[in-house]
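K.L.:
OK, TrEMBL features for this one:
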TRANSMEM  A:39-63  transmembrane segment
TRANSMEM  A:75-103  transmembrane segment
TRANSMEM  A:115-135  transmembrane segment
TRANSMEM  A:161-183  transmembrane segment
TRANSMEM  A:223-242  transmembrane segment
TRANSMEM  A:262-282  transmembrane segment
TRANSMEM  A:303-324  transmembrane segment
TRANSMEM  A:344-361  transmembrane segment
TRANSMEM  A:373-394  transmembrane segment
TRANSMEM  A:414-435  transmembrane segment
Amino acid sequence: MPQQQHADGPAPVIAPGYTYATVTDKISAIVLTRRTPRWWFVGAALMFALVMLLLYAVAYLLLRGVGIWGVNIPVGWGFAIINFVWWIGIGHAGTLISAILLLLRQEWRTSINRFAEAMTLFAVACAGLFPLLHLGRPQLFYWLLPYPNTMGLWPQWRSPLVWDVFAVGTYATVSLMFWYVGLIPDLATLRDRSQHRLAQVIYGFLAMGWRNAASHWQRYQTAYYLLAALATPLVVSVHSVVGLDFAAGLIPGWHSTIFPPYFVAGAIFSGFAMVMTIAIPLRRVFGLEDFITMRHLNNMAKVMLATGLIVAYGYLIEIFTAWYSGNQFEWYMTVNRMLGPYAPAYWLMIGANVVVPQLFWSRRVRRHVPALLVISIIVNVGMWLERFIIVVTSLHRDFIPAAWGMYVPTRWDWALYVGTIGLFFALLFLFVRLLPAISIFEMRELVAESERHGEAHPAPRAGEAV
Amino acid sequence: MAEFEDGEALLRAARAAREQGYRRMEAYTPFPVEGLPEVLSVRGRRLPLIVLGGGLVGGATGLLLQWYAAAVNYPFNVGGRPHASWPAFIPVTFELTILVAALSAVLGMFALNGLPQPYHPVFNVAEFSAASRDRFFLCIEATDPRFDLQETRAFLETLGARGVFEVEP
């Protein structure tokens, strides 16, 4: 059983016995010296095969047009938008961990922030494909940007889809900068520690001559905190804008004022599920149990529980307001979700997002690693279903019964979706191999901090009760 | 340049050097050490102002751009909404505020730190590569008015350093 919480301070976020040198060596060794494990080649090959599938699906789509998908006239938004919202949502946990938890001075973020930020970037990269590809004429995507042109035309500023361009563009740029700024001191570490001339040059180039000077650190920290303070409202706004894609519409089931906060909560919920899905295998195969401790997993489970409850509340309020509105279309939309042709998806979603996460109330479940992995995968599926329900069930039966239809995804919908999963994990595989998956300098800071705490509480922690 | 084992020793050394009257010095540490910028009298008030300025520029540009495009340059009836429909302009204004503020935070930090700068004389000390691992360095620059090669070296040796090195320019 892991150690219980100390009376004055929380359980350590790093296993005892580490020094500046050992944390540095341990994390940089994964990139620099340790032999690439066989599973990496197997996994990376598999994921690159899926990237090929993605490229094939995209090429065929560009050749033949969006008609190869299952979208039709009532349901114009199919997998493309479902997957867009799903991927963007996954990205949000990374920013939450790196920015919001930094502002709240949660030191347990340190060992998970780097790969959570990487996860954000790769998820946004996957998400960014869909809005472009689902355009009927993707080659004209640049018409969404404001630039002086010979046609004298501007984007239509009142459309949430134009807001999306700005929101996702800003989000991708800011996340990339935040991630890169966080990497610079670690790139300098890799530059100083690598033995290969080529690696020294590449890491040295990327580190831009970072030399750990105290005056640089001072400005660096200021910049890092300011970025965190800017990323926090950004992350809330991005998924709110995504929520407005729906909420600004008139469709029953979409036109709901609760969407912006409820989408943000859902994004954090699904994002933490993905962080957990990645963290558990990562700590195991690289032997990082000392850095990504049970306390991290436990806290992530608690965040998932909290946001999961907000999502469950959102479901409840949607049903309540549909009934309370006295609007026959709203009420029919709700009944149709529960009992209509897509009812199995609805009930699976309720099971995966509302019922299963309640297991996190139990401390035993929160400390059981395989259970955490299984539940987080279930939540990922459940949150995908949530977007499916919102997009499809609202559209396929709305105001005019003559315009009712069904949406059945084709194999090209699936190929594109599975392909982006491949792209996501392929990038993640490259990332863990080429860059430090855990922030090295922040771990050194943590070591310094735990030493200071050690002086403050000279009594040994082991054996102390609750 | 003197090498130390931990942040406390470096902090003590920097204070001692300050009392000796040295001003042009720089410390190199594997992570930010609390209290060090104050001892070295590094001030960091410019970056937040740059970021604020960037944010204001971004927000103003966003709002003016939308207003100009939708209400002045090519007014157009979209869904019966007013030309200067300011609530619909808020999301883009907000995102551009954040974007320009964040860009100025990063580029401002690079500019104030003088990065990218791949070559710096401190890299000539072989032991210096440990600054990114577990060692702390204090470097007194030769441009300091009180600097004297022998004297400064002797002074640094009194501070309990692991080693004292000369930095080739």
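Glycine is no exception: its Cβ is also placed from the backbone N, Cα and C atoms.
Thinking about packing and proximity, how do these listed features fit into the structure?
P.N.:
Sequence-distant neighbours of the transmembrane segment (A:39-63) (same chain, 6+ residues past either end, Cβ-Cβ under 8 Å): 69, 129, 133, 138, 285, 412, 415-416, 418-423, 425-426, 429-430, 432-433.
With a cut-off of 8 Å between Cβ atoms, the residues of this chain six or more beyond the transmembrane segment (A:75-103) that come close are 69, 109, 112-113, 116-121, 123-124, 126-127, 130-131, 133-134, 168, 171, 175, 178-179, 182, 224-225, 227-229, 231-232, 234-235, 238-239, 242, 245, 263-264, 266-268, 270-272, 274-275, 380, 383-384, 387-388, 391-392, 395-396, 405-407, 409, 413-414, 416-417, 420, 424.
If one looks beyond the transmembrane segment (A:262-282) by at least 6 residues along the same chain, the residues whose Cβ comes under 8 Å of a Cβ in the stretch are 85-86, 88-94, 96-97, 112, 115-116, 119, 123, 235-236, 239-240, 242-243, 288, 292, 296-297, 300-301, 303-304, 307-308, 310-311, 314, 317, 353, 369, 372-373, 375-377, 379-380, 383, 386, 428, 432, 437.
Tertiary proximity for the transmembrane segment (A:303-324) is limited to same-chain residues at least six positions away from its ends with a CB under 8 Å from its CB atoms, namely 252-253, 256, 258, 261-262, 265-266, 268-269, 272-273, 276, 330-331, 333-334, 350, 353-354, 357-358, 360-361, 376, 379, 386.
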K.L.:
Would you say the transmembrane segment (A:115-135) and the transmembrane segment (A:414-435) are in contact under the rule of three or more C-beta pairs closer than 8 Å, pairs 6 or more apart in sequence?
P.N.:
yes
K.L.:
What residues in the same chain, six or more past the boundaries of the transmembrane segment (A:373-394), come closer than 8 Å to it by Cβ-Cβ distance?
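P.N.:
Same-chain residues near the transmembrane segment (A:373-394) but 6 or more away: 75, 77-78, 81-83, 85-86, 89-90, 246, 251-254, 266, 269-270, 272-274, 276-277, 280-281, 304, 308, 311, 333, 336-337, 340, 342, 345-346, 348-349, 351-353, 356-357, 359-360, 365, 407.
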